[in-house]
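Undergrad: One structure, pasted below without further comment.
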Amino acid sequence: MFDNTWHKVPKGVPNGIPPATNYSVIDRDGTALDDEWLCYVESKVTSSGIWQGENPLDHSLPLFILQLVLVVLVTRIVMFLLKPLRQPRIIADIIGGIILGPSGMGYFAWYANLVFPVKSILILETMANVGLLYFLFLVGLEMDLSVVRRTGKKALVVALSGMALPFVILTIGAAIIQSMKKGSSAHMIFDKYLRTGAHILFYGAALSVTAFTVLARILAELKFHTSELGRLAMASATVNDTLVWIILAVGIAITEKEHHPQPRLGALYVILSAVVFVGFCIFVIRPGIERIIRKTPEGESVSDFYICMILTGVMFLGFVTDSIGIHSIFGAFLFGLVIPNGPLATNLIEKLEYFVSGLMLPLFFTVIGMRTNVRRLTINWFVIVAITLCSLAKIGATFLAAVYYEMPTSEAIALGLLMNTKGVNELIVLNVGRDQKVFDERSFTGMVIMAILTTAIIIPIVTALYRPGGRFVPYKRRTIQKSKPDADLRLLACIHSPRNVPTITRLLDISYPNKRSHIYLYALQLVELTDRASAMLIVHNTRKSGHPMNRTQAQSDQIVNAFQNYEQNATSVTVQPLTAISPYSTMHEDICNLAEDKRVSLIIVPFHKQPTIDGGMEEPNPAFRTVNQNVLANAPCSVGILVDRGLGASAKATNSHSGHHIVVLFLGGADDREALSYALRMSDNPSVSLTVHRFIPGEEARGRSRLHDDDSADNDMLSIFTDTDRERQMDDDIINDFRMKTSNNESVVYLEKVTNNGGETVSAIRSLDNVHDLYIVGRGQGITSPLTDGLTEWSECPELGVIGDILASTDFASSVSVLVVQQYIGLGLHGDGVSSTDSPATHPSPQGFEQQPSKGGPTNNCGKGNQPWQKVYRH
């Protein structure tokens, strides 16, 4: 309905007002008007509210807010449903857009007219393109061209070979089609050749593009990003993406030729303007950005004024490229590409990432979905044949290039599939091509559907072909017990937040680094991977100002600086800070792979609960416990879970010269022997007082053990107890060795306690003086001991073992830290079924026990009764 206001406009309707059919307009008194008049709806931005009788959906802002909320909700629900299939978010976003479009809910007229009326499409597409503009800016920021230089010409050859063959196939096909047309004049042939060239460029760009952001996410989820294959794929994708945007700019220039009176000159002017623009960005904008970075004091972030100017520059450069005849996204992408990698780039990503990728970008997929009408999809043989041939050609060309560089066949095939990943980039090319009338509705819909299918099948195929996690590097010093006394100690400490750092540094001091036995610490900060486009294992330089990553900039600065200061003041300690960005469900793979690569003897992970001010324990994130359980089940070396209660921080605060008091509770078994071996190293530290309490079964406990052994033998059952002759002998040997080595050390005390059941053991532990800094105990994995009878049922955290769970409980000493140790015993399986050289498959177990898989095979659940392997002794 029109309102009662006549809106007068001059002759020649201005841009932005829809043209009306020319007709005479009569004033209310019947007089004909001399000027042209136009009647149109005066749309309000906001409504006065339902209590004033207005429908909020009749106004632009409330309607847009509803659309945005609906888009985010639908895409998030689809992403949650696809999460078990490990599909990238791009798939969920596209499917969500299709659901909201005419293929899904938009099929119903009442819904389309209410939620997505025609009058709202212009605003929706405008906001979608703004989000797309900043998304391409982020893509340019995240691209690291130095990766291409480090990979060498290999990445350039792989990218060019994967792009060239699809263009060759399309060119041959276009020539065949062109040859079928006869009777054309030279001018018509030339003109048709330009249009055919535009088709070749757009189809070739869409079919040969590699989605850099989607590929990075896939590599991170599959744990390929640190492998040689992952690095080559990322470098090749960087080259591919850059070339595709250049091709897209040329394609737009060709399709815009009809707006110029001389078509060939119009295309030439656009290309020349693009070249000038690129030169301006490289030789003017980049030096200006570098000057801003140099003016910023070291360790401080770029001022908000410069950040605001850069974000405004994204819009301005988009306007410039759109004005010269190239899509605005080209200017935003190039602007992000010329900004140097470093603190400025990460700060910009920090400010934009969630808003753009999580809120604005889904609008673009909604627009794509609204343009994709699956209900009208018909078989388009040209599209099917073109997609099939070009995809196979790209895979084949990439495979041949990889084989030329002597890559294994499986890796070469996997690389070809990964380079065929589609996503946002292809949709951008398709959307621009549709706007330029290069793609019709059928071709556009078919290409969108094929992009979804192509990307969805890549993860399962690549996972089946290539498993880099299965090839572990064998090394002997997987435990502290098996390491030589004067050998260097390699530790991997996992860190969730800066509050974990002080206890780790104190533990390093206690571990007694010295000139004969150096300590190498790999401090791995664990960061959850959510919606970040790329995920890498970041190695920080501790000797310079670190380049913190997005989302955790402040914490990374604190952690890196803390370890830098510690390393400078400590002796015989080398610290390498690293950061791993992973989903919590697969974070243990990064930890275990790094431990294998660095040949560490002990992985230290923080307990999933933290002490509170009132002496209790709180759980900041339940996913931390899952990470710890998975590390215990898959670690290639010994593991220690550290219950952090300050580790003597209060004593140090009052007396800087006070020493550390450590207690080892030894009940027997491989884990307790590993704990004692670690404590033996600490005992050499002059500032450490060590007390070892060995618990020995009494006559009553041994009697129950013998009775159980007899029953088990009669029933032909398998069991193991820590008081078997072989286990007792190994325990006695290590105790005797420990006492001999510490016989002249007055700060070491050895005590024996006799108990008959779990209750007596707990009472004995509670009777200890509560003046210690650290308890070191073994986890007691896979064993049953009469010393802990009746305690297992009360265990709240089985990953700590029975004794560790007691020490970590809130009703025990609230000021004493606890280190629960699990010894690596050559499990033979590391989470993925691949045997290591040190496994019992090739070496007999030193304990003399047979290694057999537990029921159900390996598992990541470290709960009670679910160990991946069980030690058994055949009676």
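The backbone N, Cα and C atoms fix where each Cβ goes, glycine too.
No curator has checked TrEMBL annotations; they are predicted automatically.
Feature list, courtesy of TrEMBL:
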COMPBIAS  834-869  compositional bias 'Polar residues'
DOMAIN    71-463  domain 'Cation/H+ exchanger transmembrane'
REGION    833-875  region 'Disordered'
TRANSMEM  61-82  transmembrane segment
TRANSMEM  94-116  transmembrane segment
TRANSMEM  122-143  transmembrane segment
TRANSMEM  155-180  transmembrane segment
TRANSMEM  200-220  transmembrane segment
TRANSMEM  232-254  transmembrane segment
TRANSMEM  266-285  transmembrane segment
TRANSMEM  306-339  transmembrane segment
TRANSMEM  351-369  transmembrane segment
TRANSMEM  381-405  transmembrane segment
TRANSMEM  444-466  transmembrane segment
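Walk me through where these features lie, including what they touch and how far apart they are.
TA: Proximity of distant same-chain residues to the transmembrane segment (61-82), defined by a Cβ-Cβ separation under 8 Å and at least 6 residues beyond the stretch ends, is recorded for 45-47, 89, 91-93, 95-97, 99-100, 115-117, 120, 123-124, 127, 358-359, 362-363, 365-366.
Long-range contacts of the transmembrane segment (94-116) within the same chain, counting only residues at least 6 positions beyond its ends with a Cβ under 8 Å from a Cβ of the stretch, are 57, 63, 66-67, 70-71, 74-75, 77-79, 82, 124, 362, 365-375, 427, 448, 451-452.
Only residues 6 or more beyond the boundaries of the transmembrane segment (122-143), in the same chain, are considered here, and those with a CB under 8 A from a CB of the stretch are 60, 64, 67, 116, 212-213, 216, 238, 241-242, 314-315, 318, 328-329, 332-339, 345, 348-349, 352-353, 356-357, 359-361, 363-364, 366-367, 424, 428, 533-534.
Same-chain residues lying 6 or more positions outside the transmembrane segment (155-180) and placing a CB less than 8 Å from one of its CB atoms are 147-148, 192-193, 196, 199-200, 203-204, 207-208, 210, 232, 235-240, 243-244, 386, 389-390, 393-394, 396-398, 400-402, 404-405, 415-416, 419.
Listed by sequence, the residues of this chain that lie at least six past the ends of the transmembrane segment (232-254) yet keep a Cβ under 8 A from its Cβ atoms are 139, 143-145, 147-148, 150-151, 154-156, 158-160, 162-163, 194, 197-198, 201-202, 204-205, 208-212, 215-216, 219, 224-225, 267, 270-271, 274, 325-327, 330, 333-334, 337, 398, 402, 415, 418-419, 421, 425, 428-429, 432-433, 436, 438, 534.
Residues 129, 132-134, 136-141, 143, 145, 242, 245, 248-249, 252-253, 256, 259, 266, 269-270, 273-274, 277-278, 281-282, 285-286, 289, 292, 345, 347-348, 351-352, 428, 432 of the same chain, all 6+ positions outside the transmembrane segment (306-339), place their C-beta atoms under 8 angstroms from a C-beta of that stretch.
For the transmembrane segment (381-405), the residues of the chain that approach it from at least six positions outside its boundaries are 154, 157-158, 161-166, 168-170, 173, 203-204, 207-208, 232, 236, 411-413, 415-417, 419-420, 442-443, 446-447, 450, 454, judged by C-beta separation under 8 angstroms.
Beyond its flanks by at least six residues, the transmembrane segment (444-466) meets 85-88, 90-91, 94-95, 206, 211, 214, 218, 221-222, 224, 229, 368, 371-374, 376-377, 380, 383-384, 387, 391, 410-411, 413-414, 417-418, 420-423, 426-427, 430, 433-434 of its own chain at Cβ-Cβ distances under 8 Å.
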